[in-house]
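J.: I have a structure I would like to understand better, so I am pasting it below and will then ask my questions one at a time.
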Amino acid sequence: MKHTVWHHLNLCAQGDPEQTIRDAAIAVRDGQIAWLGASHALPEEYGTWPREDLAGAWVTPGLVDCHTHLVYGGQRADEFAQRLAGVSYEEIAKQGGGIVSTVRATRAAEEDTLFRQSAARLEPLLAEGVTAVEIKSGYGLDLASERKMLRVARRLGERYPVSVYTTFLGAHALPPEFAGRADDYIAEVCERMLPALADEGLVDAVDVFCERIGFSLAQSERVFEAAERHGLPVKMHAEQLSNSGGTALAARHRALSADHLEFLDEAGVAAMKASGTVAVLLPGAYYFIRETQLPPIDLLRRHGVPVAISTDSNPGTSPATSLLLMMNMATTLFRMTVPEVLQGVTTHAARALGQAARHGTLAVGRQADFAVWSVDTLAELAYWIGRPLCARVVRAGETVHTRRGA
Ligand code: NIG
Ligand code: FE
């Protein structure tokens with residue numbers, strides 16, 4: 001049995017900076033939180049446990065990055081240069097670049113190479129206090145390559161101190177061998193790929209890119225129905241480049257989340273509220289494709305839809321490896337408040353994964369996954385740009401990362 005009392009810390013247990021405890025303590029037994037609260041109220045039974053002094057630092061739940069495409073081969077810096085010269089993301093996709101160019105690189109990569117390239121993108125997230133991450137497939141687009149991606153995602157979760165949740169995104173783009181036969185590809189996704197990968201235990205949720213350059217409403221619904229046959233929750237890349245009504249469909253299928261949402265309308269917002277679907281906003285993608293249509297933040301607020309913030313880490317629209325930077329961008333670009341963005345990377349992000357009982361909040365009985373921050377106020381988490389603020393990451397009660405010099 002291992003016991004530790006972490007003390008001399010300021011605690012933000014709910015991810016809400018308006019509910020904090022100054023001079024707090026957390027008692028951890030065998031990786032789980034046995035008690036937390038104000039130091040002066042620490043029950044006697046914990047008084048003899050070994051102590052770790054956090055020198056007045058702030059502690060939040062481990063951060064949750066709930067929407068990433070971290071696993072892929074290569075990069076798309078050339079395409080970025082093309083976009084800088086004025087070609088749009090959609091035009092590049094239509095010319096056979098975009099997602100499909102990453103599909104070529106991902107198919108060609110050995111599994112170990114893919115693991116190494118992906119680990120290099122995961123490490124900076126972990127150094128920033130991320131203890132749970134979602135990773136999507138969707139750059140394989142055939143059974144063997146999707147399996148390879150999902151296996152790499154699972155291996156990352158075994159090799160690194162982070163909980164990995166995998167999402168099958170077979171319906172991300174039409175692979176070239178199915179050109180002109182999107183319905184046949186959807187049949188392949190639903191009848192062959194998903195059943196095999198789900199049976200192998202590689203899939204925690206199912207996602208669809210519902211868009212002019214992705215899949216139609218009818219095709220998306222077929223994928224959702226297939227997911228339901230396997231008892232898997234669904235989510236959707238929705239209203240990213242246009243309003244296609246995907247969100248309402250996702251809500252009808254009780255989706256965990258609808259993501260991007262720049263073109264979402266009020267009917268879609270109301271549908272999300274009714275179904276308890278989380279809005280995942282992705283400021284990195286908004287910024288990187290120089291989108292000008294803002295997601296409907298005020299409508300989401302007014303209807304009380306929980307909003308999560310994530311990196312969308314991917315080679316085409318958000319080559320981001322910093323969740324703190326996304327918090328900064330969500331405040332500056334989307335005019336979200338500090339409490340909103342902090343909950344967006346903790347409680348609400350955990351809920352977007354269907355894992356609110358496990359991540360995003362610190363409470364008695366839960367695994368002790370937390371981040372220790374060298375800041376005077378929590379607002380600094382959204383304020384600094386590019387500064388390494390995370391002094392230490394604790395997972396299941398063990399220190400798994402310490403910033404150099406901290
Ligand atoms: O989240 N929208 C579709 N999928 C990704 C982009 C993928 C890519 O361009 O490689 C996104 O933006
Ligand atoms: Fe995405």
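For all residues, glycine too, the Cβ spot is worked out from N, Cα and C.
So TrEMBL lists these for the protein:
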- His67, His69, His237, Asp312: Fe(3+) binding site (BINDING)
- His67, His69, His237, Asp312: Zn(2+) binding site (BINDING)
- Arg76, Tyr139, His172, Gln240, Thr317: 4-imidazolone-5-propanoate binding site (BINDING)
- Tyr139, Asn314, Gly316: N-formimidoyl-L-glutamate binding site (BINDING)
- 58-399: domain 'Amidohydrolase-related' (DOMAIN)
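Quick one: where do these features end up spatially?
T.: Remark: His67 (Fe(3+) binding site) has Glu134, Lys136, Ser257, Asp259, Val280, Leu282, Ala308, Ser310, Thr311, Asp312, Ala352 as non-local neighbours, by Cβ distance under 8 Å and separation of at least 6 in sequence.
His69 (Fe(3+) binding site): 28 other CB atoms within 10 A of its CB, across all protein chains.
Counting only same-chain residues at least 6 apart in sequence, those with a Cβ under 8 Å from the Cβ of Arg76 (4-imidazolone-5-propanoate binding site) are Gly97, Ser101, Thr102, Pro315, Gly316, Pro319. Under the DSSP three-state reduction, Arg76 (4-imidazolone-5-propanoate binding site) is assigned to coil, being neither helix nor strand.
Applying an 8 A CB threshold to same-chain residues 6+ apart, the list for Tyr139 (4-imidazolone-5-propanoate binding site) reads His69, Val71, Tyr72, Gly73, Ile99, Thr102, Val103, Ala105, Thr106, Ser145, Met149, His172.
Mean model confidence of the domain 'Amidohydrolase-related' (58-399) amounts to 97 (pLDDT, 0 to 100 scale).
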J.: Roughly how many Å lie between the Cα atoms of Asn314 (N-formimidoyl-L-glutamate binding site) and His237 (Fe(3+) binding site), rounded to a whole value?
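T.: That separation, Cα to Cα, works out to 13 Å.
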J.: Among Tyr139, His237, Gly316, please name the binding-site residues whose Cβ is nearer than 6 Å to ligand 1.
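T.: Within range of ligand 1: His237, Gly316.
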J.: Tell me, how many other CB atoms lie within 10 A of the CB of His172 (4-imidazolone-5-propanoate binding site), whichever protein chain they belong to?
T.: 27
J.: Inside 10 Å of the Cβ of Thr317 (4-imidazolone-5-propanoate binding site), count up the other Cβ atoms and send me the figure.
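T.: There are 24 of them.
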